């Protein structure tokens, strides 16, 4: 770690953001990412001959006693500090981020002895940031980097950092700043999201041991800043290894781990309201345009259906989005034009050595997937000057950029079908030749694939093309209707749409069933699962870049988060869907299915025999590696609930064990889970807080009553200048207007002091989230009283905000606020 006086590991999230703002760096992201970014900035300041910010210059002074405080102590101090309102808010947020003890258990399992105290706290805090952050869950980056650096930090057993002589703080050699930073070739500036190469655990440990030997042999010149003399080097190095331990890196967490974490959010969320119906648009079906049915859910198409872009908010910036035109052709000489109108900025991603903007344009069959160039009979020309088909790439033509126009030609009249391109009117030659026998008369459809870019099409609707085309070619819109082939159409009514929810433990065989069922019904279903999200992230070239920078784990972490938003979008589309997730808890089943009101809602339960399940999980672990901790599987077994037809399903199918046999097996699983796992922590209802002179939030009125805030015998009997009644008592502060509100009765139990009227109350008859705070206009609606202050921090707001799809911030990506109507998504 750095020798800077700012101990990054001891800072809270608010302090990390403050330090980053002072250095004009972004303060968005998870706690571990903020730590990494700040540490990199401090290292660069030292390497550049500029001392890190001193405490006297505005930096936080964490030396002395404050450096020795544990993370739990800091949280307690934060909860106790500030005024009374901030105290209650922090207590509420601690209750929200509890995660039923799951994050704590995961941290204890994955941490080493030296990091056992800090790991669970940080993972819980990171989960709280992700759910209740200021940016509504808009948090990008990888927290695994912060965990690894923390596990490798120079700490003793109590989390204290050894004091270092100021004179040695400027002597850290550049080669000791970390092999990861050298591999990225970075000499100055903040660390980017993808710029650090993560070494395997064995290599990391070997580097630490080799570094220890060099320090011991090389004396003070090459040693760690603040280290003892050369004679004590070996002793301290050995002691440091024992105290520090080896923390399990986050790369060991596979896809199942992040699915498990995301699934847990449903157990603490409120049931969402059904989404707003999609507007029925009357559109001329004979016009060639972008097809709103044959496109990705996150492919945002304009009202006129002639321009589009990929969604770039939150983790969607990692995804590629594609779409096809509504008509294809199989004869003649046909063309269309595509213009790159914008490379959409994605400032919430800190990227380097990664291409985050890309466009592929070309042709494909209607049976091909949306990832242009990744399958057979899918032909694309890339913005990078590369042609792609069936994942095979080859240099072609030249690169193109914003405001360039690409004309795509298809010649079906030659001996072989020829696909060629032109850039800004300049012919680039033939890119692909397809055998007519192999193509077998099947039509080719215009197809585009975008990655954080916006495009515009001319299928022939413009009076004048962007650039002149050869006389023998015709725009596809001008081809006679009988010579065009219409792409597949979706259901016309929502009652004709079908949603199938898979239910089963990880590795039970759900994806196998989905693959088989989709193959039996080609083109019918859109599969919503982590695998499909990963496919849209890991397009061949992008996957290689991510692998080179060691950030594939970032995609695994973001995929389940994107999937939740995909489900919300899907509920507004008239399509058929399969939800390929575990969905074992009744809460997850109910909250997802209530979004699809009006659909034919079906459940498919995959529950094999216990012996078969063990064999399948063992086989999966051998092939893919174990990606889910054992205790997480046990908890899912304990939460496994079979669906009921009367609740939210119209039809339930049991693939292997039938309902009676499956129910017996689940009872066995629940007993196994109960014996193996510790008792779950009860959710904080506020009743225990009363013994500590704390307010009973969400139980009684804020202005008084038995446990009211500031009421009799609360907060040490502090009556704050008034009679021994509640906070809104009669003669409080010299007959000033009463602050408390509520119904009838006395201000405090047993005291005959009248209360204030209901409507001017600061928090009326019920809790803080009820009715009003300072008058009838609501700060929080009447029913939003579950997690305090009326903000409804449940599933359908803030980080999981359903309403954000209907509000302005979703459409704040200029210039799309002028081109797209808000009701579309």
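Glycine too: its Cβ is placed from the backbone N, Cα and C atoms.
As annotated by Swiss-Prot, compositional bias 'Low complexity' applies to 72-81 (among others).
What Swiss-Prot records for 82-95 (among others) is compositional bias 'Acidic residues'.
Residues or ranges marked as compositional bias 'Acidic residues' by Swiss-Prot: 120-134 (among others).
Annotation comment: Swiss-Prot describes 140-153 (among others) as compositional bias 'Acidic residues'.
Per Swiss-Prot, compositional bias 'Low complexity' is recorded for 159-178 (among others).
Annotated compositional bias 'Low complexity' per Swiss-Prot: 199-211 (among others), in sequence order.
Positions annotated as compositional bias 'Basic and acidic residues' by Swiss-Prot: 233-266 (among others).
The feature compositional bias 'Basic and acidic residues' is assigned by Swiss-Prot to 671-683 (among others).
What Swiss-Prot records for 710-728 (among others) is compositional bias 'Gly residues'.
Look at Swiss-Prot and you will find 739-749 (among others) tagged as compositional bias 'Gly residues'.
If you look up Swiss-Prot, you'll see 778-799 (among others) marked as compositional bias 'Low complexity'.
Marked as SUMO1 cross-link by Swiss-Prot on the basis of a large-scale study or a structure entry: 265.
Annotated SUMO2 cross-link per Swiss-Prot: 265 (among others), in sequence order.
The Cβ of residue 495 (SUMO2 cross-link) lies under 8 Å from the Cβ of 598, 599, 600, each on the same chain and at least six residues away in sequence. What Swiss-Prot records for 495 (among others) is SUMO2 cross-link, and it gives a large-scale study or a structure entry as the kind of evidence.
Contacts of residue 516 (SUMO2 cross-link) defined by a Cβ separation under 8 A and a same-chain sequence distance of 6+ are given as none. Positions annotated as SUMO2 cross-link by Swiss-Prot: 516 (among others).
Within 10 Å of the Cβ of residue 524 (SUMO2 cross-link) there are 15 other Cβ atoms, across all protein chains. The SUMO2 cross-link annotation in Swiss-Prot covers 524 (among others).
Cα separation, residue 524 (SUMO2 cross-link) to residue 565 (SUMO2 cross-link), rounded: 21 Å. Of the candidate recorded sites, 609, 635, 664, the one lying closest to residue 565 (SUMO2 cross-link) when CA atoms are compared is 635. Across the region 'Actin-binding' (611-626), the DSSP tally of helix, strand and coil residues reads 14 helix, 0 strand, 2 coil.
Put plainly, the recorded sites 536, 574, 635 were compared by Cβ crowding within 10 Å, and the winner is 536.
Between the C-alpha atoms of residue 609 (SUMO2 cross-link) and residue 664 (SUMO2 cross-link), the distance comes to 11 Å. A 10 Å cutoff on Cβ-Cβ distances gives residue 664 (SUMO2 cross-link) a total of 11 other Cβ atoms nearby, all chains included. Put plainly, the recorded sites 565, 609 were compared by Cβ crowding within 10 Å, and the winner is 565. Note: the Cα of residue 664 (SUMO2 cross-link) and the Cα of residue 635 (SUMO2 cross-link) are spaced 17 Å from each other. Mean pLDDT for the region 'ATPase domain' (488-672) in this predicted model: 86. Taking CA atoms as the reference points, residue 635 (SUMO2 cross-link) and residue 574 (SUMO2 cross-link) are 35 Å apart.
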